[in-house]
Amino acid sequence: MFTRDMQIAGFDDALWDAMQQEVGRQEAHIELIASENYASPRVMQAQGTQLTNKYAEGYPGKRYYGGCEHVDVVEDLAIQYAKELFGATYANVQPHSGSQANGAVFQALVKPGDTVLGMSLDAGGHLTHGAKPNFSGKHYNAVQYGLDENGLIDYDEVARLAREHQPKMIIAGFSAYSQVIDWARFREIADDVGAFLLVDMAHIAGLVAAGVYPSPLPHAHVVTTTTHKTLRGPRGGLILSAENNAEIEKKFQSAVFPGSQGGPLMHVIAAKAICFKEAMEPDFKAYQQQVIDNAKAMAGVFIERGYDVVSGGTEDHLFLLSLVKQGLTGKDADAALGRAHITVNKNAVPNDPQSPFVTSGLRIGTPAVTTRGFGESECADLAGWICDILDAMQQGDASQAEADVKAKVEAVCARLPVYR
């Protein structure tokens, strides 16, 4: 028998201490990893409910277990909210992650050995877009497109590759691209060779939901996304379509269950429903616009200070900072900024001379800092602090710059806590 006063503290103090240390880190460090954000207390509340106890293989009204009448309501609400939020006619809220959502789409639309065309990792693509170490590169004939000399997608080159290789599926979307993608052009290219168009909007789903970035739903055969990142929900995946194609939708359903997953995580699906509903609130659009404005403010400072921003700027929530010209590695810059309590991630840049474990760039994103209340002024200051550390690294010793910036970071984090 359980009692509701059971606590982790006192039962496993080592685990509890690590958990509390992470809470402290999130409050005391500035988060600039583009794929991270802070979930609302409502989202976290849903994930801590007794829904975690319920097994519910199947779909609402068609379960393989009894006692699902209440979780059916939960999943139906999540589906309803997802469709309404994105203007979709189909939604599957069961994928445990964005990668599993992509894997289900592969399983539904293409066969092992088929050709797929996606963005390369060093151009800003994702592992599941055909990278060699991933299932998408191991089990499929993956052809990759990159960026032109200006750091932009060359649609004519994508079209040429499509005509040459005749892919069964083309993947648009990114994990590190800072410009607006022409979804209609991608659909035109796909239609020209008879390919399916998959759009992975994991990074920009929140921007799309708020209407501050063009939606791929009118153009793609299928759209996948995560539910965290700019959506500020729980970690999970989502498959959407506006094609009104019952045959394809049936394939998506069976590719998720039983094709790649068993029981859905009902506590996470409840949290997804909450995040979809939160994204329909009026202040969510203002938040997403601020995310973009903050990213623009930061990119502008880096450019003014002589640093190269891939693609020349940003029109979304992130940008890539190339350190090739400065002779710095992403790995070293990541570590130096971490010592100043600024969290970023090292990232490959186009034609990167370094290995993927070292890299020559940083990926910088503003969703998390915007959630905690940063505006353009704070973000411009923050970019300047980062430049101070990078400048000092080029002189050989950044320890004093790191200490100075750390003090500034502590002050602004105390003024703008994540959870008040």
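Using the three backbone atoms N, Cα and C, a Cβ is placed for every residue, glycine included.
The (6S)-5,6,7,8-tetrahydrofolate binding site annotation in Swiss-Prot covers LEU121, GLY125, HIS126, LEU127, SER355, PRO356, PHE357. Annotation comment: Swiss-Prot describes LYS229 as N6-(pyridoxal phosphate)lysine, evidence class sequence analysis. Residues or ranges marked as site 'Plays an important role in substrate specificity' in Swiss-Prot: HIS228.
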Exercise for review: Would you mind reading off the Cα separation of GLY125 ((6S)-5,6,7,8-tetrahydrofolate binding site) from LYS229 (N6-(pyridoxal phosphate)lysine), to the nearest angstrom?
Suggested key: 16
Review point. From the Cα of LYS229 (N6-(pyridoxal phosphate)lysine) across to the Cα of HIS126 ((6S)-5,6,7,8-tetrahydrofolate binding site), what is the distance in angstrom?
Key: 15
Review point. So what sits near LEU121 ((6S)-5,6,7,8-tetrahydrofolate binding site) in its own chain, CB-to-CB under 8 Å and at least six residues off in sequence?
Key: LEU127, HIS129, ALA131, ALA348, PRO356
Check your understanding: Where among the binding-site residues GLY125, PRO356 do you find the Cβ with the fewest other Cβ atoms within 10 Å?
Key -> PRO356
Exercise for review: Within 10 Å of each Cβ, count the other Cβ atoms, then let me know which of the recorded positions HIS126, HIS228 comes out lowest.
Suggested key: HIS126
Revision key, fill the gap. What DSSP gives for LEU121 ((6S)-5,6,7,8-tetrahydrofolate binding site), in three states, is helix
Exercise for review: Return the maximum Cα to Cα distance in Å (whole number) over the record's (6S)-5,6,7,8-tetrahydrofolate-binding residues: LEU121, GLY125, HIS126, LEU127, SER355, PRO356, PHE357.
Suggested key: 17
Practice item. Based on DSSP, name the secondary structure state of LYS229 (N6-(pyridoxal phosphate)lysine): helix, strand or coil. Key: helix
**Study point:** Where LEU127 ((6S)-5,6,7,8-tetrahydrofolate binding site) falls in three-state DSSP terms
**Key:** helix
